[in-house]
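Per TrEMBL, transmembrane segment is recorded for 111-131. If you look up TrEMBL, you'll see 173-260, 263-332 marked as domain 'Aminopeptidase N-like N-terminal'. Feature annotation from TrEMBL assigns domain 'Peptidase M1 membrane alanine aminopeptidase' to 366-583. Sequence annotations record features per position, and here TrEMBL assigns Zn(2+) binding site to HIS437, HIS441, GLU460. Per TrEMBL, the feature active site, proton acceptor maps to GLU438. For TYR522, the entry in TrEMBL reads site 'Transition state stabilizer'. As annotated by TrEMBL, domain 'ERAP1-like C-terminal' applies to 660-979.
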Amino acid sequence: SLNFPLSPLPRNMIENSMFEEEPDVVDLAKESPSYPIDSDDVVYEPRSSRLLVRGLGENDLDEEEEDYESSARLLGMSFMNRSSSQRSAAASSYTRQQPSNSCSVPSAKKMVVGILVLVIIAFVAMFIYFVPRCTFSKDGCQKTNSSIEQLYPKASNGELFPWTGLRLPASVHPVHYEISLQPNLTAMTFQGSVAISMVVLQETNKIVLHSYDMKIINSTFQDEKVNILEYKPWQQIAIKVSKELKKGEIYVLKIHYSNHLILAATQFEPLAARKAFPCFDEPAFKASFVIKITREAEYISLSNMPKVKTTPLGDGLFEDEFEKSVNMSTYLVAFVVANLSSVSKNVSNTLVSVYAVPDKKDQTHYALETVAKLLEFYNRFFEITYPLSKLDLVGIPDFLAGAMENWGLITFRETTLLIGDHSSPIDKQLVTSVIAHELAHQWFGNLVTMRWWNDLWLNEGFATYMQYMSIEEVFPELDIDNEFLSVRFKALAKDALNSSHPLSTKVYTPEEVAEMFDSVSYEKGASILLMLKATLSKVAFRKGVIEYLKRYRGLNTQSEDLWMSLSQVTNPHTDVAEMMNTWTVQKGFPLVTVNRTGIQVNLMQEHFVLNADNATDHSNLWHIPLTYVSDICNNSSSCKQVFLFKDKTATIEVSEKVKWLKFNYRSDGFYIVDYGEQGWRALIIALKENVNVLPHEDRAALINNIFALSRSDRVSFRQVLNLLVYLKNETETAPLTEALTQLNHIFMLLDKRSDLLLVSRMTTYIFTVFGDLMDSQSWEEESSVSKQALRSALLETACHLGRPNCTNQANRLFVQWRTSNKTEHIPGDLLKTVLSVAAQTEKGWQVLLDTYKHSIYDSEKRKTLQALASTQDVRKIVWILKAALDGSEIQTPELPLVISTVCRHSAGYLHAWDFVKENWDKLTQKFSIGSFPLQSIIMSTTSQFSTKTHLDEVERFFGSLKERGSKMRSVQEAIETIKLNIQWMDRNLVTLWKWL
């Protein structure tokens with residue numbers, strides 16, 4: 001992809017909301033920006049004449065700026081008023097005094113001389129006061145800038161840049177782009193030209209758009225040569241015209257440019273289209289595109305639309321031209337130039353193709369059949385047929401993102417698209433999930449697009465929800481419901497931190513935009529949609545979604561537009577917007593505390609924050625669609641009772657015969673529950689008597705909730721252990737894997753503290769609870785995805801903790817595989833576990849390194865890499881970290897996975913942390929600040945620290961970075977997580993000693 005690091009933007013220059021369409025209010029006299037701007041770039045207004053001024057023109061004020069002309073005059077008047085007032089004060093101090101009776105009247109001559117002397121003294125004093133000190137310096141004074149110069153930043157060429165906001169002005173809107181690209185895959189450069197047709201919405205004498213790190217060769221406006229001004233910190237360019245552009249008229253700007261090329265495959269979301277062609281790079285600036293690409297004969301080119309013609313250019317070059325596109329945002333534009341092969345089929349009048357490099361073509365068939373079924377499902381479900389005549393899915397080697405939903409040209413990392421003979425049903429579940437997600441974006445994101453990145457969840461939350469819902473409908477054998485439950489738990493864990501953010505939150509800089517791509521936007525967004533669907537009913541929710549897509553087809557939206565569409569098809573007494581705004585505009589989620597006395601059940605809600613000492617707002621309230629069941633009726637959806645809990649407290653009544661209550665039926669709601677000591681005891685007794693008294697989702701939720709409550713010191717760890725006793729009788733995947741995940745987290749914290757005795761006791765406890773189940777697992781092929789997921793989790797833990805039955809079986813399978821020249825098959829879900837055991841020996845590690853270098857099966861290749869990174873040999877750990885950073889023998893996009901794997905083991909986590917500190921600048925060159933890979937690296941290397949020494953070190957390191965990453969939300973999350981680990985350890989070490 002065209003992959004360059006983003007340049008941070010100065011935040012102090014943005015005063016009013018970036019979501020407005022007007023020019024931003026700017027106060028350039030405020031504190032220093034978080035991003036250092038050279039003094040040559042911006043001349044700041046002195047604090048003594050600090051004014052709030054909006055979008056002033058350089059010399060002439062055009063009509064869109066007339067409202068602000070008075071502010072410009074004030075800049076001149078401020079000095080005049082100050083001068084006149086000071087002159088008045090000075091004059092008053094030198095007025096003649098009335099003579100006293102004891103003094104004689106001076107002569108007229110003396111009076112004249114005295115007044116003259118006083119006037120001279122006053123003149124000298126005023127001269128000294130008003131003339132700058134630099135007048136008397138050796139070098140003299142620099143030329144003073146005008147008031148306009150004090151407001152506007154300087155462009156690269158020294159001229160004033162005519163815009164003062166991060167968001168582009170709304171005075172012009174692009175209508176159509178004609179883009180011609182000539183990539184040179186040998187020199188890794190490209191030349192391009194773009195002709196942008198634009199309509200004027202408000203009369204203006206300037207055009208401002210985006211461009212990043214390009215060499216502008218020439219440019220014309222209405223076929224007349226124009227000068228391009230560039231302001232690099234904001235990644236903007238501009239032209240100024242002598243005559244105002246008329247409202248409603250169409251104008252054409254043409255730019256010829258060149259740039260560096262990383263890969264001939266694009267990844268433009270969120271803000272990278274500006275690296276490939278000058279453009280209005282904001283989601284709301286939709287336009288149509290015609291793209292022409294020059295290529296060599298051995299390559300093919302692909303873009304969003306079907307190819308209409310190929311023109312020979314001579315010298316072995318060809319130009320491919322593609323159809324005019326539908327209107328779309330710039331981040332969805334895509335092209336690929338590569339040597340690829342494909343398989344295709346026609347689905348509902350759409351030609352669907354899956355592309356891969358030629359030697360992996362045989363791994364494309366599963367994806368083709370999967371996308372065909374999902375496309376038919378989405379066409380029916382949304383009642384809007386996919387609008388393009390073709391749909392390409394392309395596996396890209398060394399692709400940084402997991403996948404990208406470009407309209408008509410979806411790009412994938414190979415491991416998320418290709419399925420080979422060695423792939424397991426779990427691998428198929430992953431590939432199906434990614435395809436379902438990206439295909440859902442063709443409606444949510446492409447057809448209807450969020451207006452600005454603050455509402456990214458409208459794209460990603462919906463696509464995530466549809467991914468799970470569609471797979472449950474179309475591929476029930478993939479058992480996707482357990483996976484969806486697991487990601488909801490992960491979203492709860494992140495959103496319980498004080499460093500979390502609202503689903504819909506203001507973002508300004510590219511770094512802040514990048515950080516929106518996290519589990520809150522994706523998994524929490526999907527979770528609240530699931531909750532809303534459960535509240536409104538499946539039928540009503542679907543009607544609202546269809547209404548939303550049809551009403552806003554081709555447009556940009558905000559959260560309120562979705563709520564309005566859903567309100568129109570629901571019960572008139574249900575205010576969807578009022579309810580859902582409590583889930584989108586405030587961060588976090590509620591804790592519902594239950595206290596039962598006889599038939600009365602008293603409820604209280606509050607913002608659940610793991611570290612309650614640092615909670616920012618205790619007054620938040622949510623409209624909670626509270627659901628519950630009891631022992632009288634509990635295992636059917638018809639048993640579910642619903643209560644809309646809107647206030648701080650509420651009371652419901654139940655029968656005296658009810659022994660226990662379970663709230664949040666099947667964990668469809670995004671909240672957790674504390675039942676109090678009495679309520680927890682009743683539920684534990686019920687589970688010990690009959691494990692199936694609750695659905696497996698509810699049993700998993702009880703485990704998740706009680707661990708979260710323990711971590712926040714609301715429930716003792718003794719109560720947690722009491723609940724886990726019931727697991728002896730548990731057989732379902734969701735509750736078992738949730739318990740194992742939570743216990744593994746505690747084990748890793750103890751392991752990183754090098755408390756060998758407690759580590760030994762924790763290992764014994766895990767084996768006590770899960771040992772029999774671990775030993776009973778089959779090492780043969782297993783068709784059930786749910787059973788595979790459980791087996792994989794159990795055996796990975798067993799072998800990691802050195803359980804002999806596990807390590808012996810793993811070594812046996814590895815020897816068979818190696819001696820058969822790798823033809824003896826290892827079940828795909830067990831491959832990582834088997835190879836990780838083998839990687840602990842010198843011979844085994846070398847065999848795996850050779851396997852990694854030569855494997856063409858991406859799922860096998862990735863599991864082999866994880867096994868290599870699990871080594872306890874420090875020299876190998878250092879080598880693999882460096883190799884992944886360099887990108888020579890290990891692909892750089894896999895570096896976050898390598899670091900995450902290394903950090904799971906006590907031998908490697910400190911080396912990984914040192915590696916990150918020593919190579920931070922290189923890391924931020926490969927992964928832009930705020931990006932998901934960098935978020936992952938930060939959390940992997942710090943989240944298992946649990947000592948004050950490590951906390952101080954992390955705070956000191958990130959504090960030293962300043963503009964190079966210290967402000968990232970993931971840094972705050974890391975620091976908060978370490979503090980929570982320290983608190984939990986301080987509270988529970990004694991309990992662990994006593995109970996383990």
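In case you wondered, yes, glycine gets a Cβ from its N, Cα and C as well.
On the structure: features taken from TrEMBL.
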residue	record	Cβ contacts under 8 Å, 6 or more apart
HIS437	Zn(2+) binding site	ALA403, GLU405, ALA463, THR464, MET466, GLN467
GLU438	active site, proton acceptor	ALA403, MET404, GLU405, ILE410, PHE412, ALA463
HIS441	Zn(2+) binding site	GLU405, ASN459, ALA463
GLU460	Zn(2+) binding site	GLY445, PHE517, SER521, TYR522, GLY525
- [ ] Count the Cβ atoms, other than its own, that fall within 10 Å of the Cβ of TYR522 (site 'Transition state stabilizer'), considering every protein chain shown.
- [x] 24
TODO: Specify all same-chain residues, apart from the site residues HIS437, HIS441, GLU460, whose Cβ lies within 8 angstroms of the center of the Cβ atoms of the Zn(2+) site, ordered by sequence.
DONE: GLU405, GLU438, ALA440, PHE444, GLY445, ASN459, PHE462, ALA463, THR464, MET466, GLN467, TYR522
TODO: May I have the DSSP-based helix, strand and coil counts for the residues of the domain 'Aminopeptidase N-like N-terminal' (173-260)?
DONE: 3 helix, 64 strand, 21 coil
Task: Residue counts (helix, strand, coil, in that order) that DSSP gives for the domain 'Aminopeptidase N-like N-terminal' (263-332) - done: 6 helix, 31 strand, 33 coil
